[in-house]
Structure formats: C-alpha cells, structure tokens
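Peer 1: I am attaching a structure below and will ask some questions about it afterwards.
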Amino acid sequence: MAERTTVGAGRTVRAGVGRGDGGAVATTAATSWRRWAPFAGAAALTLLFAAGVLLYDNRLPVGSEGWRTIVGMRLTSVGTIVVVAFCQGVGTLVFHTATSNRILTPSILGFDALYRVIQTALVFVFGAGAIAATDGLPKIALQSLLMVAVATALYGWLFSGRRANLHVLLLVGVVLGMAFGSLSTFMQRLLTPSEFDILSARLFGNISASNVSYLPWAAGVCVVVGAVLWRRRHVLDVVALGRETATNLGVNHRREVLLALILVAVLISVSTSLVGPMTFFGFVVATLTYQLVATSRHALMLPGVALLATAVLLGAYFVLRHVFYAGGMISVIIELVGGLVFLIHLLRKGLR
C-alpha cells in the first residue's frame, strides 16, 4: 500500500492510500444500494402489476377495437388506484409527522364518519334514487369541499388560542366521529331494506365503480398538494423533531402543523369521495415505508410511500380480481388485513 507524507508545523503525518479507500467506496456503494433498493423494487412491482391489470385475461386480438375498449376500462381502474394510493399513503405519512405519532390514522379526525353521514342523510331525506340522480363531479367536489371546510374550521378554532393542543384536536376529532357515526346509524335504522342495501354498497370502497370523469380533477388536486408538500419536505423534517426543537430552529411549529393537517384533509377527502372510506390502508403502507426506507428524510419517504402504496393496491386488485375473482371485496380485504396489522403493531408497542 502506498503512503503519502504531509509535512505540517514541525510534524509529519503518514496516511495510507490504496485498499482502505477501496473499502470505503465499497461501503458507500452498499449503503447507496440499500437506500435505493426499496424504490427499485416498488417501481418494478408497480409496473408489473399495472401491466397485469391492463393486459391479463384480455383474449381479444391485440390492437382490435374490443381490445382497446377493455384496456381503456381497466386503465380507469389503474388511474383510480394511483390517485387513491397517493392520497392515502402520503396523507397518512404527513399526518404522522404532524402529530408526532405513528399509530394514529387520519380517520381519527372523523372523515370516514362524515362521509357516511353525508351519504346516509342523502338517502334518508331524498330516497335511494337520490344517489343515482346526484352522481357526478359536482357531488364529488361538494363532498370534498365540505370535508375540507369542516376540517379547516376545526383546525382554525383549536389552533387559534394560546393553549392550542394537538391532543385536544385529536380528542375532538374522535368525539365528532362518534357523533357522526351515531347519527348515521340512527338514520340507517329508519331506512327501508332496499334503501339500506343501496346505501351499504356506497359505504364500502369500490375501485371498480369509479368514474373516469372524476380522475382529472382528483389527479390535479394530488399534483398541487404533492407539489406543496415536496417544496416543504425539509420543513417537515424539522416538524418531525417536535415542537420545542422546531421552534428553536426557527420554524413556526403551529403554522406548519396546521398547514400539514389541512393538506391531509384535502388528500383524504378526495380519496374518500372517489372510492369511499379506507381506514387502515394508509397506516399499513406508511408502516411498511418506515421499515423499508431506513431514513427520516421526507425527500425519500414521500416518494417511497407513494410508490409502495401504489404497488400494494395494484397487487391486491390484481390478485383478488384475477386470481380469486373477488374484485368487489378489495376494500374489505384490505381493511381486514390493515386492521390486523394495526392491532399487532399496537400490541408490540405496548409490550415494549
């Protein structure tokens, strides 16, 4: 191994140059590969499952009009999956950052219960035919705006005082969710069996029933919110350190948490209005991201959770639809698995 001599103020320092540098380069390369391997794997799975959803079991001649029609219909489902995965994954991860708690989910603020009470009130007041009669972009946009308005009013009220407390916000969200749930249950008991059956179909997420006309505005909202979060990714890194540390570093913690929660409300409201409630999916993919993306930097976690959420949802859709022929059970299975993962995670944390 060659040696290099550096002469300083009355002393000579000998430093080795050769195999030691090669070991450092190899270590750096291995670390870089471990960092980017989850992204490469998630991207490969996303492309594989997307191709499977679009092309599998399409028995018509390739390029024919019927073949293109089937691919176009499936492309709508893929687009819906990408939008929902982005909203749920990114929304839950940012919610964890804002609340400094990785066990909570955005549904604790009552978004799912508010969606249910809106749908139930619509059937209760106007009848089952009102659901089909009011289907369209205006209804979806109105539902999303109503959810965001309620969340913004709640955040603004609770964060306006001197003693603003995030725990009080979460407690109020739980109470409102219980109140909305009780109100929707009361109205459901007064419905006829046929009305209740039609309503029940709307209260479960259904990716296959999404309308292609909804996707452009939903994708536009995702792009805008994603751009805002990406520009503030370094601020989110500081917010994740806690209120005292963030304040000492010059970040207005209250303002940043309020902005993050409003953006989360926008994402979750879009996802819920598009396919219905999905309580635990965001928690599952966020927890998976924490395990695979071994960093706390949002510059890596935000794209990581979006990719992983898309891969998981596309994979679940492909397997349940084309292997078990249970496409309508996707949201039910995801919520079941997500609930089990949530309980296991909660018990493991409790045992520690």
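Think of each number as a place in line: the chain as shown, counted from 1.
Positions of Cβ are set from backbone N, Cα and C atoms, glycine also.
Because TrEMBL annotations are produced automatically, they should be read as predictions rather than curated entries.
Below are the features listed in TrEMBL for this protein:
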- 36-56: transmembrane segment (TRANSMEM)
- 77-98: transmembrane segment (TRANSMEM)
- 113-133: transmembrane segment (TRANSMEM)
- 140-160: transmembrane segment (TRANSMEM)
- 166-191: transmembrane segment (TRANSMEM)
- 212-230: transmembrane segment (TRANSMEM)
- 257-288: transmembrane segment (TRANSMEM)
- 300-320: transmembrane segment (TRANSMEM)
- 326-347: transmembrane segment (TRANSMEM)
Peer 1: Mind checking which residues reach the transmembrane segment (36-56)? Cβ under 8 Å, same chain, six or more beyond either end.
Peer 2: 71, 74-75, 77-78, 292-293, 303-304, 307-308, 310-311, 314-315, 317-318, 321-322
Peer 1: Among 113-133, 212-230, 257-288, 300-320, 326-347, which stretch has the highest count of C-beta pairs below 8 Å with the transmembrane segment (166-191)?
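Peer 2: It is 113-133, which has the most Cβ pairs under 8 Å.
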Peer 1: Which bits of the chain, at least 6 residues beyond where the transmembrane segment (300-320) starts or stops, bring a Cβ under 8 A of a Cβ in it?
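Peer 2: Answer is 35, 38-39, 42-43, 45-46, 49-50, 52-53, 56, 77-78, 81-82, 84-86, 88-90, 92-93, 207, 226, 229-230, 233, 281-282, 284-286, 288-290, 292-293, 326-327, 329-330, 333-334.
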Peer 1: With pairs closer than 6 in sequence left out, are the transmembrane segment (212-230) and the transmembrane segment (77-98) joined by 3 or more CB pairs under 8 Å?
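Peer 2: Since 3 or more Cβ pairs under 8 Å link them, the transmembrane segment (77-98) and the transmembrane segment (212-230) do come into contact.
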